[in-house]
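Below: one structure, written as structure tokens.
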């Protein structure tokens, strides 16, 4: 890429001067919804964020963070942190995860490309294993995509199939796992009628088995490995529907935390351990919770836990989960190629950048922000700080998480005057919201607000500008609702808590002593979304955004 392609023009308005210090704050899982007792942001003491909403209306508005606004297939698709930060950083809307896979399945291209041909080598004599989240939540995976993969795999010669399921209860209702397992069992039974040896081989809850992220707790991956590869687990059953029902009943665990189990034959032998010569597909399209398993399956040198044995397999991910690590090296669907991100532009034009979050969201303000790219664009102009997240506990046990530490590191970076942009993600609303603990989420939102205040105070001291927004909703609506919008009850009359993201819009606010009086939000971008934030921020840095970016949300009034 030629350097001229990355050069900005200075903004053509004198009120957008260069070299102001700008704090860019992403509140994770912080949407906007009607106030009630399940809106944890409303219930929490959040005076800093409240003051923005109650202040000048031309400096606060809502933007879209789900569906087509972030490259997902439909308006029924809730946003997530990965696609949200891709859009925030790229300034353009790219077809994402599920949409990419849908296209590849609809055209049949998925079955013609290198990744599928690579695993196809095993079909004649060995087993094809599918590992992933069994649900229709659409955040990490989708059941209908697995069904199409199974169908296409059989049509192309697979004779022996094993599925290793991870139950959800996070992006879908707790308890819904039983229905998903019944659906899959029915599909596999139809394949068996056609002479295909197809079975569920193992399972477990997503938060307890396999789907850890950011190397927070390798024990989670090990529990999955033992069941999937070694065929060993503390619980053994003859079929998966019985397994899920019985484990929910006996252990009182919800879908997210079901302990690992294996399916055994009449002799008590595991029906589907992964062995030499087999093919393995991880069918999640979202990267963050598959990367650790991908390392265990792919890396010959590996010391994060004792694998006991390391089978020689052909492994492909649904997508490539880490473009920088080239992990996995084989995948069924190519990722969106995101180039010329706002971060790259800014650094190329000498804008010194500081990015910080705690472990669980550090990749979002770096890797995903930079277009699925690890590392620095220019280490002389950038500094990325990761604060270790709490490990070994559920986030509702320490709902303040590392919000104040993130605030402190951002404050120090601002006051050092070494950087033009200080970019942070404050994870509390999302990570604690996912636990379904309403009281803890209220505490989490208060802590996030305190961190914002700390950053604002520093911006005040240096005469800078702030932009505060979010990547998707979560904490603002913690209850499942019926068609009339009323809280939904389960069969026992209890309110059904919502642990997933939402379809709600998110706020964006601008301000600070460095913001010129005439700068305000435009009225002619009513459907603005996360992708419009990049051009907005570029303008506030005193530059014109690239012409193919989504339009800026701000204008400068001449009066």
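Just so you know, glycine gets a Cβ as well, placed from its N, Cα and C.
TrEMBL labels come from automatic prediction, so no person has curated them.
Lifted from TrEMBL, the feature list:
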type     : residues                                         : note
DOMAIN   : 22-544                                           : domain 'Metalloenzyme'
BINDING  : 28, 81, 471, 472                                 : Mn(2+) 2 binding site
ACT_SITE : 81                                               : active site, phosphoserine intermediate
DOMAIN   : 101-322                                          : domain 'BPG-independent PGAM N-terminal'
BINDING  : 140, 170, 171, 206, 213, 286, 287, 288, 289, 361 : substrate binding site
BINDING  : 430, 434, 501                                    : Mn(2+) 1 binding site
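The full span of the recorded substrate binding residues, 140, 170, 171, 206, 213, 286, 287, 288, 289, 361, taken as their largest Cα to Cα distance, is 18 Å.
If you compare Cα positions, residue 81 (Mn(2+) 2 binding site) sits closest to 430 out of the binding-site residues 140, 171, 213, 430. Neighbour counts of Cβ atoms within 10 Å were compared across the binding-site residues 140, 213, 472, 501; the minimum falls on 213. This prediction places the mean pLDDT of the domain 'Metalloenzyme' (22-544) at 95. Of all the binding-site residues listed (28, 171, 287, 471), 171 has the fewest other CB atoms within 10 A of its CB. Checked against residue 430 (Mn(2+) 1 binding site) by C-alpha proximity, the binding-site residues 28, 140, 213, 287, 289 yield 28 as the nearest. The Cα of residue 501 (Mn(2+) 1 binding site) lies closest to that of 171, out of the binding-site residues 28, 140, 171, 471.
Listed in sequence order, the binding-site residues near residue 171 (substrate binding site) (C-alpha within 10 Å of its C-alpha) are 434, out of 28, 434, 471, 472. Note: the Cα of residue 287 (substrate binding site) and the Cα of residue 471 (Mn(2+) 2 binding site) are spaced 17 Å from each other.
Every protein chain shown contributes to the tally, and the Cβ of residue 81 (Mn(2+) 2 binding site) ends up with 26 other Cβ atoms within 10 Å. Taking the centroid of the Cβ atoms of 28, 81, 471, 472 as the Mn(2+) 2 site, the other same-chain residues with Cβ within 8 Å of it are 26, 29, 65, 79, 80, 84, 85, 361, 364, 425, 430, 470, 474, 501. All chains included, 25 other C-beta atoms sit within 10 angstroms of the C-beta of residue 289 (substrate binding site).
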